[in-house]
There are 2 protein chains.
Amino acid sequence: MAESLVLHEDPRSGNCYKIKLTAALLGLPLQTKQYDIMAGETRTPDFLANINPNGRIPVLQIGQRFLPESNAACWYLAEGSALIPHDRFARADVLRWMFFEQYNHEPNIATLRFWLHFVGEANLGEERRSQLMAKRIAGEEALRVMDDHLAARGWFVGDEASLADIALYAYTHVCEAGGFRLRDYPQVCAWLDRMAALPGYVAMD
Amino acid sequence: MAESLVLHEDPRSGNCYKIKLTAALLGLPLQTKQYDIMAGETRTPDFLANINPNGRIPVLQIGQRFLPESNAACWYLAEGSALIPHDRFARADVLRWMFFEQYNHEPNIATLRFWLHFVGEANLGEERRSQLMAKRIAGEEALRVMDDHLAARGWFVGDEASLADIALYAYTHVCEAGGFRLRDYPQVCAWLDRMAALPGYVAMD
């Protein structure tokens, strides 16, 4: 890749880790610039004007262009590699799991980790507290869908690791920080081990 | 496309409409099979076993294969067409807006439409009721990001309509059913008009 790659990130974020794991598996050099989301560093006027008007990390900077959204950034990095299948249906199926991750998985599993592990249950306001049970149930449902899917296969799409696995791995492997029990999902546990054994794998900070 | 295309859908769903609009703009024939999500027709054992283990529509059936997730289905249909840009960054930028749609837009703007227009505010339980204000604020923020982005351009990515526009159009153009005011977002209104003028455009049912 000719242009320099800079990841604007908070190292506690699984969404940021997805991009670092993708780059590591592909052997791509990636610089990082760190922000503290809990201190509002992604909501400053400068960040909103120049990095991401949506006020969120991660953002992948490619030369002088900025690409928000973790899964879009992974897609940019992985095009042309084996992390995106060549077959048309399989390629769309990778996106299917990446959209599942952002809609059914991350808002429940990542959010409970953020609320319970970083914010702390005692500090949650009433509106968040009232959602704890619904997010617990929806997160367990997402893990169950994953566990059932993996019962008959080693990877989410096709015969090797793809961006679908990377997207789902990021918050699944740290889900116990949000109160989920990985031992309830044995197929997921075996898949987590396969992911950590991939050549080039890097751990989350 | 050699294989038959069947959309498993609920016509009230903007997520289903995205796929119908994509097919229409591309001139692709698309059969439909309808389900009533409010009657639980996508949670039956048969549906979970054979159509989508996640219990949701839309699902695009391609021959005998099933592809859940609206934006993944749109991607499948549009590959090789002008709805997905050829440039690598622009292609990832289309996905950026599609992930923004599923994370920041749909869970607020589509959910308030569903709760207020189809379920009815009087029928909402306490957990949903406590989220109304947060979803209103987050939905308005998503519309503001869109309006600001469109101030300097006619389409979300590049110089012509792409899947980014289709994904964001579906629930934006009916957002007033969820209590949002389109007149607060004049750039969005002008873009909605451009969308409705596209050759092959079809309206939502």
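Quick reminder: no glycine exception, Cβ is built from N, Cα and C everywhere.
Taken from TrEMBL as is:
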type	residues	note
DOMAIN	B:3-85	domain 'GST N-terminal'
DOMAIN	B:87-205	domain 'GST C-terminal'
Composition by DSSP (helix, strand, coil) of residues within the domain 'GST C-terminal' (B:87-205):
86 helix, 0 strand, 33 coil
Limited to the domain 'GST N-terminal' (B:3-85), I'd like the whole-number average of pLDDT.
97
Counting by DSSP, what is the helix, strand and coil composition of the domain 'GST N-terminal' (B:3-85)?
31 helix, 17 strand, 35 coil
